[in-house]
Amino acid sequence: MLIKLLTKVFGSRNDRTLRRMRKVVNIINAMEPEMEKLSDEELKGKTAEFRARLEKGEVLENLIPEAFAVVREASKRVFGMRHFDVQLLGGMVLNERCIAEMRTGEGKTLTATLPAYLNALTGKGVHVVTVNDYLAQRDAENNRPLFEFLGLTVGINLPGMPAPAKREAYAADITYGTNNEYGFDYLRDNMAFSPEERVQRKLHYALVDEVDSILIDEARTPLIISGPAEDSSEMYKRVNKIIPHLIRQEKEDSETFQGEGHFSVDEKSRQVNLTERGLVLIEELLVKEGIMDEGESLYSPANIMLMHHVTAALRAHALFTRDVDYIVKDGEVIIVDEHTGRTMQGRRWSDGLHQAVEAKEGVQIQNENQTLASITFQNYFRLYEKLAGMTGTADTEAFEFSSIYKLDTVVVPTNRPMIRKDLPDLVYMTEAEKIQAIIEDIKERTAKGQPVLVGTISIEKSELVSNELTKAGIKHNVLNAKFHANEAAIVAQAGYPAAVTIATNMAGRGTDIVLGGSWQAEVAALENPTAEQIEKIKADWQVRHDAVLEAGGLHIIGTERHESRRIDNQLRGRSGRQGDAGSSRFYLSMEDALMRIFASDRVSGMMRKLGMKPGEAIEHPWVTKAIANAQRKVESRNFDIRKQLLEYDDVANDQRRAIYSQRNELLDVSDVSETINSIREDVFKATIDAYIPPQSLEEMWDIPGLQERLKNDFDLDLPITEWLDKEPELHEETLRERILAQSIEVYQRKEEVVGAEMMRHFEKGVMLQTLDSLWKEHLAAMDYLRQGIHLRGYAQKDPKQEYKRESFSMFAAMLESLKYEVISTLSKVQVRMPEEVEELEQQRRMEAERLAQMQQLSHQDDDSAAAAALAAQTGERKVGRNDPCPCGSGKKYKQCHGRLQ
């Protein structure tokens, strides 16, 4: 009560922030007449003036009024568009490391030009982050004329671009790209083998469009760069044949209950578990198929990989549905983003799940992958010095933005008051009744010329509604992951009178639905349109626009509630832009996923008590409240999952930063010999300690073991036993010094052969390769640790603390292994004079030619002649990277002398 009273008197935090910023808006508005008087050249010259002021030590925030006034004036001259006062407010919010909640149609793209220009003045680079390539390209091309008018450069960062083009894009003042591409470039830069291969600069300022989609919906998705692991595709096929024999366990109170099934499904946690009966059956089937031996248990340690295959296959069949979770296109399983409904080309599920789905669908099974580098979006975006974002719906997630990213949310008021009518939900008993009611609503709306946008949560549902509309003879457009090529064009015309558009989730975000359709799209479709044609198109559009407003504006129909209120609000937000008329309504049934999992028992009981007849809908505050509670439950659960993921990833993140920092330092120096010398001392001390314990009696020394270890691991053949026999005065300390001195002497002789410069280059290469190899293995080990750590809870131990403790021990062990591997590799490398290598290669070539001639003489048929010709050709060439090294070491050329090339 007291808080409410204080808020009424002093205003909320949001009100106070906006009040403070409105004073700056008044200053910007006062500067407008002065800016209008400037010539184009004088306006352009302001950029150089601002940069000079920053160099002299002026604070960036002091430039806000004048810089924003310059951008507003430039926009008027270049685009003929003037930033509204609310857009200036939005620009200031974005500069203050906050999330700006701006409703759909309020001009977020134009708002972003203000903080982007201001922060680009520092010369450190601005990254504008969008959800897909189309929006990145569109926004970059749309805003390029404005930024170039003001003397700034603009780059676009797209997947598949060559490294020089990416480097150029990142070197620009303002770079547009997708969240995935920025993250992958960061990982690739930290796998580079020379400073020239890196493309990104230091991460300075990120301006994230649709920030809720990227920082919340995708927060659980780690970005992973992977390499191929061993092939086990045959096992996926064999296990896949067994799964259809298993029966799902139904709830005892359900109509389909037939006694105990073989596996149970937990839809909340997306897990599948075998029952006792299921375990017996699956073991029988595995024995029958010859996959497992008679009398063996599926849970025995020897069958742990088989258990992994069975679990993956069960999940693929029970939890993942075609045209909902994925689509099959051109013989490939492509994941569908659960939040946007878009396909995610190139993304794959982990833990063998993707291979299990491929086996289920009968398409080619691709190899499992091993992680080489990974990072979550949560940790990638926290690397920026300054982070801000904008979206139409952030307020429901304000707590998460604040607790995880330290970003406050500021709700920016609309330019014109919102007049959209949000009608109460209608709940039906069955899905068929709900679909029928939706069709009737669409018929009524289109009859009076009102456009309708139907939002579905999956491709399957969008096609179901589409089929029903086709049966009813209603023309419509379908917008889902299968047909997203024309996405922007379809969305742009979704406001046409009586147009019906079915969109999966939030497909088409970022494109405004203009009432009456888009006249710009009509003009763009014409070749060299005349002024008269353009005027006629505009006049026709105005008539259509007025007709749609008269009919009630755009009507939104939600075919079911999403598990997040925010995504429902995004769908509603497509209507009522810029103060336009509009309406929205959600249609639900007791068969919807959200209702079935989270709200079914209570609500269906309520509906039965009310004595509902088939086809009747319930519209009651209790039901709406029950649904809102169900959504809150899911949101809270998802937040906990994301928070927990972050807590675990933070452990890996500290290690990642340490490794990447060390790696970058290594890349930037040309001489690592001092580091190598220091490491050598540590490694030899630890190795000798294992056989000659410090300050121990000679009887405790294991000299034969030490000699063997030095020979095997460091290629040092030292007569230590002989030394000790001949020199009784040789004590522990001098022996240690002599072994180390011998290893240094042998190494220096190698250096004299190849030269210091070549040796420094080789040392750096070995350190980088060894670091990458061990980091890759460490990531896999961390992954295994993470998967089983929750079991420590049964031993009354905190899994998070145990994970921190064990991962730290593993990391320390990895760093010790790094030192050992580097010194071992450098010690064992064989070097020869270039003349010796050439002589050996000449001998090899002559031998190959001799064999080829013998082959030609002994076989005269075409095939063997072709083979001999090929052998002769092979003999002519230089040593291949994977051929045995001519020095006779038995190693591959690339791992021996090829390393010194």
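Note that Cβ sites are derived from N, Cα and C of the backbone, with glycine treated the same way.
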Revision key, fill the gap. Of 34-66, 331-363, 562-594, 859-891, the range Swiss-Prot tags as region 'Disordered' is 859-891
Review point. Counting across all protein chains shown, how many other Cβ atoms sit within 10 Å of the Cβ of Q87 (ATP binding site)?
Key: 27
Exercise for review: Note down the number of other Cβ atoms within 10 Å of the Cβ of K108 (ATP binding site), including every protein chain shown.
Suggested key: 22
Practice item. Out of E106, D512, give me whichever of these binding-site residues has the highest number of other Cβ atoms within 10 Å. Key: E106
Revision key, fill the gap. For G107 (ATP binding site), the same-chain residues 6+ apart in sequence with C-beta under 8 angstroms from its C-beta are H83, F84, Q87
Point to revise | Close in space, distant in sequence - T109 (ATP binding site), Cβ under 8 Å, 6 or more apart | key: D139, N142, N143, D209
Check your understanding: Taking DSSP three-state, what's E106 (ATP binding site) in: helix, strand or coil?
Key -> coil
